[in-house]
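Participant: For reference, Swiss-Prot lists these features for the protein:
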- 16-121: domain 'Core-binding (CB)' (DOMAIN)
- 169-354: domain 'Tyr recombinase' (DOMAIN)
- R210: active site (ACT_SITE)
- K234: active site (ACT_SITE)
- H306: active site (ACT_SITE)
- R309: active site (ACT_SITE)
- H332: active site (ACT_SITE)
- Y341: active site, O-(3'-phospho-DNA)-tyrosine intermediate (ACT_SITE)
Amino acid sequence: MRRELLLERIDKLKATMPWYILEYYQSKLAVPYSFTTLYEYLKEYDRFFNWVLESGITNASHIAEIPLSVLENMTKKDMEAFILYLRERPLLNANTTQNGVSQTTINRTLSALSSLYKYLTEEVENEQGEPYFYRNVMKKVATKKKKETLAARAENIKQKLFLGDETEEFLQYIDREYPKKLSNRALSSFNKNKERDLAIIALLLASGVRLSEAVNLDLKDINLKMMVIEVTRKGGKRDSVNVAAFAKPYLEEYLSIRSKRYKAEKTDTAFFLTEYRGTPNRIDASSVEKMVAKYSEDFKVRVTPHKLRHTLATRLYDATKSQVLVSHQLGHASTQVTDLYTHIVNDEQKNALNKL
């Protein structure tokens, strides 16, 4: 989603929210949470507060009028009723017979509410230096995690990774084979953004950075001589990330055409640009997601930018067998998150079984 549209939708939601949600928003913006994360949280609060109005828990007529006391006095049974509502309500999509949202969506909703309750009961300060209230009902609400072993998850993910030679083959396919299938009109559009698209995909595959970290890169963050980039990690921390050498020619080629192709001036600091009616802008995450999906589906299987991050992590672990190194590359504080990659790279286990 374009940044301007995202901010417009955020403002629309904020206009309907109670004062304490607006305070929460400002507090998390200072952390900083990304606008995308805050937008998703606001959507969850909108869903929750609409249920509060419908359920008769409050006499308020509008979301903005729901008093803080409603959240303070919310019971465990109330929250369980909300979860049942999510699980059983008919979906708006007329093409499905399924009732209720998925467990993943429910967990996301509860995560957003947990964040809000933690803020209200622990983080915020009133005039006396105390939180608004102390009772956190979300601590009593259990979440159900998707039942899937790490090995099963790894096997599912493995089918959507470009491992071994496939990393370079994917880039070569976009460069040489993909344009052969296009009409003259589509080819013109492809050629305009070819160097940029290849540079973005090469960077994701060569560094493992998150999509948000890639699109927020500025020119000053790129050091092609050292093959290092500076990114802003989750929580606002700056980090230096090494980039594999195979991405260098793609990044250099994009840089050579960036200013002229996208009409960039010195004031246009964003590294990856898009151009509309002669005006350069920072490329948005939604455009990259669509671009990666388009190329990957034509090559092998439709994937997300996050799967390219998984690809780099898996290849790096396969080469080093070091979870610490992989964790550092991905910007994780612990190696627990990287356990997944030890299961994806399980050739030793399979070889042992084949010898039985």
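Heads up, the Cβ atoms here are built off N, Cα and C, so glycines get one too.
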Participant: Once the chains shown are all counted, how many other Cβ atoms turn up within 10 Å of the Cβ of H332 (active site)?
Facilitator: 16
Participant: Looking at Cβ-Cβ distances, which residues of the chain lie under 8 angstroms from R309 (active site) while being 6 or more apart from it?
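Facilitator: Non-local contacts for R309 (active site): L204, G208, V209, R210, L330.
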Participant: Identify, among the active-site residues R210, K234, the residue whose Cβ has the fewest other Cβ atoms within 10 Å in this structure.
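Facilitator: Output over active-site residues R210, K234: least Cβ neighbours within 10 Å is K234.
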Participant: Restricting the comparison to the active-site residues K234, H306, Y341, which residue's C-alpha is spatially nearest the C-alpha of H332 (active site)?
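Facilitator: Smallest Cα separation from H332 (active site) among K234, H306, Y341: K234.
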Participant: List, in sequence order, the same-chain residues at least six positions removed whose CB sits under 8 Å from that of Y341 (active site, O-(3'-phospho-DNA)-tyrosine intermediate)?
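Facilitator: Result: A154, H310, A313, T314, Y317, Q323, V326.
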Participant: As a quick check of your reading of DSSP, tell me how many residues in the domain 'Core-binding (CB)' (16-121) are helical, how many are strand and how many are coil.
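Facilitator: Secondary-structure breakdown of the domain 'Core-binding (CB)' (16-121): 72 helix, 2 strand, 32 coil.
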Participant: Need the DSSP three-state call for H332 (active site) to compare against my parser.
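Facilitator: Looking at the DSSP assignment, H332 (active site) belongs to neither helix nor strand, so coil.
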Participant: Looking at Cβ-Cβ distances, which residues of the chain lie under 8 angstroms from H306 (active site) while being 6 or more apart from it?
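Facilitator: In sequence order, R210, L211 meet the Cβ cut-off.
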Participant: Looking only at the domain 'Core-binding (CB)' (16-121), report the model's average pLDDT.
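Facilitator: Over the domain 'Core-binding (CB)' (16-121), the predicted model scores a mean pLDDT of 89.
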